[in-house]
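Here the structure is laid out as structure tokens; the discussion comes afterwards.
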Amino acid sequence: MLLILIRKEFMLELRRKAVISGIGLYMFSLIFICYLTFSLRQNSINEATWSALFWLAILFSVVNSVAKSFIGEKRGIAIYYYTLASPHVVILSKILYNALLCLVLSLTGYGLFALFIDNPVQDTLYFLLTLVLTSLGFSSALTLISGIAAKANNSHILMAVLSFPVVIAILLMAIRLTKNVLDGIDRGASLDELLNLLAINCILTALAYLLFPYIWRS
Amino acid sequence: MKNWVKILGICLLLYVHTAGLLAEVPRLNILNETIRALYFHVPMWFGMTFLFTMSVYYAILYLRNPSPELDRKVLEYANVGTVFGVLGILTGMLWANYTWGSPWHGDPKQNGAAIALLVYLAYFVLRGSLDNQEQRARLSAVYNIFAFAAMVPLIFVIPRMTSSMHPGSGGNPGFNVYELDYRMRMVFYPAVAGWILIGLWITNVRIRLKNVEEAIIELEDEK
């Protein structure tokens, strides 16, 4: 069932090409604005600014793309799923699918940053590991919140307002890891942050799994 | 709620205010007399954490067994907790202005506290944008639990991983087993207990008020 639902998400995504290209263009514009406003080819930026810009670009595009997982859906569709699958399977499939989406977005963002601005990353493997962990964390936090926001009136504003305080913990850890990775510090030094990130992910995913049935019912 | 709660709370706070302003305190560099902020600033955070925890507790009870009374409790505990949080930030800023030189110093603990308040402000916005009463209660209870869990690492873990100028961390004197001498404990512990009791009492009065208002509305509807 889980695999079928994930496949369904993929099919839907590929069928609505406007949405996915919209997200891609959104991210491209964000990064291009960063590049233009800092006029980065002439004057280079230091590592702290690079990581701040990078995570801001990722955060905004991820919030906007995960928001659509419940907000864009038509009213009747939820009832249709309800007859087919249990809420636990639905939320798990959405979280896994969104985690993949976030990972693809982060990788694209990294590529664009390397192309336009600079690639100061010294320890690529650890940086990729950070991207995987943050994608999972973002996806489980944002998927649940998108489920909540979808029921309310002004969903898009609400999505941003509700999600920022929740993802700040992940973001802080990610920025700290990025700093270590950019400075090329010994890997043992960032182990604490990695474990912390993993723990936050576990808490958020478990809670999303437990709480989703309650939002589902309305 | 029993009467003794408010009487005990008021007595404790009377004692804390007199002793806190007049009793002997250790002489420490930089801190000087501002060390007395310990009696008024730190209990705010204990109170806030306690009230928010109660709010989450009732939110869990609500999800297991929905009823409008429980929802009112969740909301009022969050309301009063937010007031405690705002007071905590304000007293902290007042203290920081004299000790650190500026009210907002970008300290990890200050930032954590501000984010904790953001969570509950977002919670109130969420409640405001849902029309159906039952749906509002259920969705906001879910967000309350989720956001509280996301806040825990932010307030209790990350500030302990970073160096901070806040007393009690990074080798600064302050709330610490070795530094807080017994004279201060004699005021500090009653202060924590007193503020928590007063917080409980205020919440209780507000819940009772809301229940009465609800009952009046129902009576008017019947007419």
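Each Cβ is built from the backbone N, Cα and C atoms, and glycine gets one as well.
TrEMBL lists B:13-155 with the feature domain 'Cytochrome c assembly protein'.
Within its own chain, the transmembrane segment (B:42-63) is flanked in space by residues 70-71, 73-74, 77-78, 80-82, 84-85, 87-88, 91, 113, 116, 120, 137-138, 140-142, 144-145, 148, 175, 188, 191-192, 194-196, 198-199, 203, which lie at least six positions past its ends and keep a Cβ under 8 Å from the stretch. Residues or ranges marked as transmembrane segment by TrEMBL: B:42-63 (among others).
Tertiary neighbourhood of the transmembrane segment (B:75-100): same-chain residues 30-31, 34, 37, 40-41, 44-45, 47-48, 51-52, 54-55, 58, 107, 110, 113-114, 116-117, 120-121, 123-124, 127, 140, 144, 165, 195, 199, 202-203, 206-207, 210, selected by CB-CB distance under 8 Å and a gap of 6+ residues from either end. Residues annotated as transmembrane segment in TrEMBL: B:75-100 (among others).
Annotation source TrEMBL lists transmembrane segment at B:112-130 (among others).
If you look up TrEMBL, you'll see B:142-162 (among others) marked as transmembrane segment. Same-chain residues lying 6 or more positions outside the transmembrane segment (B:142-162) and placing a CB less than 8 Å from one of its CB atoms are 52-53, 55-56, 59-60, 63, 74, 78, 108-109, 112-113, 115-116, 119-120, 122-123, 126, 169.
Among the features that TrEMBL reports, transmembrane segment is placed at B:182-202 (among others).
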Helix, strand and coil residues within the domain 'Cytochrome c assembly protein' (B:13-155) as assigned by DSSP: 119 helix, 0 strand, 24 coil
Positions on the same chain near the transmembrane segment (B:112-130), where near means CB under 8 A and six or more residues out: 45, 48, 52, 75, 78, 81-82, 85-86, 88-89, 92, 136, 139-140, 143-144, 147-148, 150-151, 154-155, 158-159
